[in-house]
C-alpha cells in the first residue's frame with residue numbers, strides 16, 4: 001500500500017535481488033539514500049568507544065559523569081529537533097534537499113568534534129551531528145520507500161535498518177582500529193564526515209522523490225523518474241497507481257480540514273480509533289527505550305569496564321559482540337515478524353529482556369560483593385610517587401568498590417601478581433594511572449577486578465539477542481500499521497518524539513544512576529521497568545499481523561475490543577461512516 005511500511009518476506013527479497021540486477025538504477029537510489037542509515041548507526045556506536053579516550057584526555061570529563069552523559073545525549077537532543085524540523089523540510093522543499101542538508105550538518109559536526117579543544121566544543125559538535133541524524137533518520141527511509149517499486153518496497157526499506165545496525169558494527173571496528181593512533185577519539189569522530197561527504201555528492205546526482213514531485217504538480221518530472229525505475233511495460237500502470245494514491249491522500253487530508261497542527265491533533269484525539277492506536281504506539285516506543293537498550297549502544301565499552309575489564313582496547317573489542325548480535329537480530333526479525341506476529345514477538349522479547357536484566361543485576365551484585373580489598377601497605381607503596389586517595393582511612397575497611405565511589409574520584413591499582421588480591425587506592429589522575437601501569441598493574445576506574453566478568457558479557461549478549469528481533473524493530477512496524485491513514489503523519493510524529501525523548505532520558509541518566517545506586521541496582525531498576533513494560537504492552541498493544549489498514553481501524557473501533565484478543569478481518573463490523581472521516585465518537 002502506498003505510503004505504508006511493508007515487511008519483506010523471502011520471496012520479496014528474491015524479487016529484490018532479481019530486479020536490482022536488471023534495473024541497477026534502483027540499487028543506486030537505495031544505497032545512496034541508505035548511507036543516512038549508516039550515519040545514524042555509526043554515530044550511535046562511535047561515541048561509546050570515543051568516550052573512553054575523551055575521558056582520558058580531559059580530566060573534567062573523567063571526574064564528571066554528568067559531563068560524559070551530556071556529551072553522549074546532546075546528539076539525541078539534536079535528533080529530536082532535527083526530526084521535527086526535518087518533517088517540515090520534507091514537505092516544503094523535498095526529500096533530496098533534506099538529505100543533503102542533513103549531510104552538511106553531519107559533516108560539520110564531525111569536523112567540529114575532530115578539532116575540539118574543549119569538552120564544550122565537543123558538545124556543540126554532537127548537537128550538529130544530532131540534527132543531521134534526526135533529519136536523516138526519517139528522510140532516508142521515506143525517500144527509499146517513495147522511489148522503490150511497490151512489490152519490493154519492504155525489502156528495500158529494510159536495507160535502511162540493516163545499514164543502521166551495520167553502521168554500529170562499523171563504528172566499533174573503526175574505534176578498535178584507531179586505538180593505537182595519536183589523536184584516537186578525534187579520528188573516531190572525524191571519520192564520520194567521510195560517508196556524509198560521499199552521500200552529499202551522490203545525492204546531488206540523484207533525482208527528487210517522484211511522489212513528492214507529483215504532489216507538487218511536477219508530473220512530467222515524476223514520470224521521467226518512474227521510467228528509470230520501472231520496466232517500460234509497467235511505467236503507465238505505476239503512474240496511474242501513483243495518481244490514484246495521491247488523489248486518495250488529498251481527499252483524506254481534505255476530510256481532516258486545514259485547521260493547523262492543534263486543530264488536527266484535537267480532531268485526532270476526538271476519535272476512539274486514534275486514542276487506542278496512539279496509546280499502543282506510544283507505549284511500544286517508550287518501552288523500546290526504557291528497557292535500557294541505549295545504555296548498551298552508547299555505553300557498551302563502559303559497561304564492559306564496569307564488569308571488570310580495565311583496558312580500553314579490551315572493552316572495545318568485547319563490545320563488538322553486542323553490535324554484531326544486534327545486527328544479526330535485525331535480520332532475524334525480518335523472517336519472523338510475519339510468522340510469529342508483532343504482539344507475540346514483542347512479548348517474547350520482553351520476557352527475555354526481564355530475565356537477562358535480572359541476571360546482569362545479580363552478576364554485578366556478586367562482582368561488587370567479591371571486590372578485592374584496599375591494602376594500606378599496597379597504597380603506601382605509591383605514596384612517594386603519586387597522590388593516594390584523600391578519603392582513604394587505613395583504619396576503616398575499604399574494598400575496591402568503596403575506592404571507586406570516593407567523592408574526590410579515585411582509582412584502584414590492582415595487585416601486581418593477582419588482581420583479586422588487595423590493591424592500592426589512588427587519586428584519579430594521569431600520574432597515578434601511569435605509575436600503576438609502569439609497575440605492570442591494571443588501573444581500574446569504572447568497575448573492579450572479579451571472576452564474574454565473563455558471566456556479565458554472556459548476560460549482555462543474551463539481552464541483545466532477546467531485544468533486537470522483537471523490541472528492536474517491532475515498535476516501528478506497529479506504529480506504521482496502527483494509525484488511520486489520514487492521521488498517520490501526526491500520530492507517527494507523536495510516537496517518534498516519545499521515542500527520542502525516552503532515549504534522551506535514558507542516555508542522560510545511566511552513568512549517574514550507576515554512581516548513585518550502583519551498577520547492579522541500576523540493572524535491577526531497568527529489569528523492573530521492563531517488567532512493567534511487559535504488562536503495559538500485554539494490555540494495550542493489539543496484533544496487527546495480516547490485517548489491512550481498514551481492518552485495523554475496524555478492530556480498534558469494535559465495542560468488544562480487547563488488545564489480547566486476536567481479530568480477523570471478518571470479526572468486526574465495517575467502520576461507521578463517521579469514523580471514515582475521523583469523526584468517531586469518543
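Note that the numbers count up from 1, one per residue, in the order the chain is shown.
Here the Cβ of each residue, glycine as well, is placed from N, Cα and C on the backbone.
What TrEMBL says about a protein is an automatic prediction, not a curated fact.
Here TrEMBL flags 25-54, 66-86, 98-115, 121-144, 156-178, 184-206, 277-297, 317-337, 344-368, 452-478, 490-511, 523-541 as transmembrane segment. Sequence annotations record features per position, and here TrEMBL assigns domain 'Major facilitator superfamily (MFS) profile' to 29-545. What TrEMBL records for 563-586 is region 'Disordered'.
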Exercise. Give me the stretch from 98-115, 156-178, 277-297 with the greatest number of Cβ pairs under 8 Å to the transmembrane segment (25-54).
Key: 156-178
Quiz item: For the transmembrane segment (317-337), what are the same-chain contacts with Cβ under 8 Å, counting residues 6+ beyond its ends?
Solution: 7-8, 10, 45, 48-49, 158, 161-162, 164-166, 168-169, 171-173, 176, 296-297, 300-301, 304, 309, 345, 457, 460-461, 464-465, 467-470, 472-474, 477, 545
Quiz item: Other than its close neighbours in sequence, what residues sit by the transmembrane segment (452-478), given a CB gap under 8 Å and a spacing of at least six beyond its ends?
Solution: 5, 7, 161, 165, 280-281, 284-285, 287-288, 291, 293, 296, 300, 303-304, 307-309, 318, 321-322, 325-326, 328-330, 332-333, 336-337, 342, 345-346, 348-353, 355-357, 359-360, 363-364, 366-367, 370, 499, 541, 544
Practice problem: Please give the sequence-distant neighbours of the transmembrane segment (523-541): residues at least 6 beyond its ends with Cβ less than 8 Å from one of its Cβ atoms. | Solution: 279-280, 283-284, 286-287, 290-292, 295, 342-343, 346-347, 350-351, 353-354, 357-358, 360-361, 364, 478, 513, 517, 563-564
Self-check item: Most Cβ pairs under 8 Å with the transmembrane segment (66-86), selected from 98-115, 121-144, 344-368
Solution: 121-144
Quiz item: In the same chain, who gets a Cβ under 8 Å from the transmembrane segment (184-206) while lying at least 6 residues past its ends?
Solution: 28-29, 32-33, 35-36, 38-39, 42-43, 46-47, 49-54, 57, 96, 99-100, 103-104, 106-107, 110-111, 113-116, 125, 129, 132, 171, 174-175, 178
Self-check item: Top Cβ-contact partner of the transmembrane segment (344-368) among 98-115, 121-144, 156-178, 277-297 (pairs under 8 Å)
Solution: 277-297
Quiz prompt | Beyond the flanks of the transmembrane segment (156-178) by at least 6 residues, Cβ under 8 Å | solution = 5-8, 16, 26, 30-31, 33-46, 48-50, 140-141, 144-145, 148, 184, 187-188, 191, 297, 300, 313, 316-317, 319-320, 323-324, 326-327, 329-331, 334, 468, 473
